[in-house]
Amino acid sequence: MSSEVETSEGVDESENNSTAPEKENHTKMADLSELLKEGTKEAHDRAENTQFVKDFLKGNIKKELFKLATTALYFTYSALEEEMDRNKDHPAFAPLYFPTELHRKEALIKDMEYFFGENWEEQVKCSEAAQKYVDRIHYVGQNEPELLVAHAYTRYMGDLSGGQVLKKVAQRALKLPSTGEGTQFYLFEHVDNAQQFKQFYRARMNALDLSMKTKERIVEEANKAFEYNMQIFSELDQAGSMLTKETLEDGLPVHDGKGDVRKCPFYAAQPDKGTLGGSNCPFRTAMAVLRKPSLQLILAASVALVAGLLAWYYM
């Protein structure tokens, strides 16, 4: 009789034990959450190392830009949640439908009212680059709803991961009320434990009955989401290259026509304070930027992207 213990199938017990860890590892790597994590790592790393993201982490963000970021987030989540509602019974998405716990549109409306007042809808619109992402979300929801998983996971899991950190950065940098006005977006009232909910959500996602080909398409879609967001940065770069020319062409009274230019901290620091014509005051440039609707929308979408990237950073 052989010294090796055999199973009823005639398979060596030691062989079974040796292959068990391999099977477990293979199963884990086939999980959609793992595929997404690994499949988007490169895009994520590129995005989180941009100067804009680093500055935001340091609290280098102005209130006007944060207001515009809230605007871009409003349009993004309005599109996403509209398509999620449309597909709440679709078998490839239904297990991930948690409107009470996750939906952000109503919270964003409160933030919009805080920043812009009751007539906020008359004051805002979506930028060109952000609109492309919104259009993609609508296309996916209406034609390939299984790919909504990529957008929902990327947004909501990131928000749960980095939301509280982002909220504190914004409140400190912008001196927003500690009671939550202006940062309702980051408050998940119906999620008691973010870490546990994320684990639950990933388990639901991994249990979806999807082919490997569909999982790969979902990973590809998540990378597209990063790509759309990076296009917003490209849009910002183009706007920056046009900034000096547009400011000179349009003109703007120094300090919006108020006060003496000699009291400007930038001007006061110049060695030759006797000539006004040669001073290029950054405050004047900043005012010009904030008065240009096209640049406002671009900056809004860019700051919105940072929120998403920072959220991924803390996942």
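Every residue gets a Cβ built from N, Cα and C, even glycine.
Record note: Swiss-Prot gives H44, K198, R202 as heme b-binding, and the candidate from Y77, Y97, Y139, Y153 in that site is Y153. Using a 10 Å Cβ-Cβ cutoff, D159 (site 'Important for catalytic activity') registers 24 neighbours. If you average pLDDT over the topological domain 'Cytoplasmic' (2-294) in this model, you get 77.
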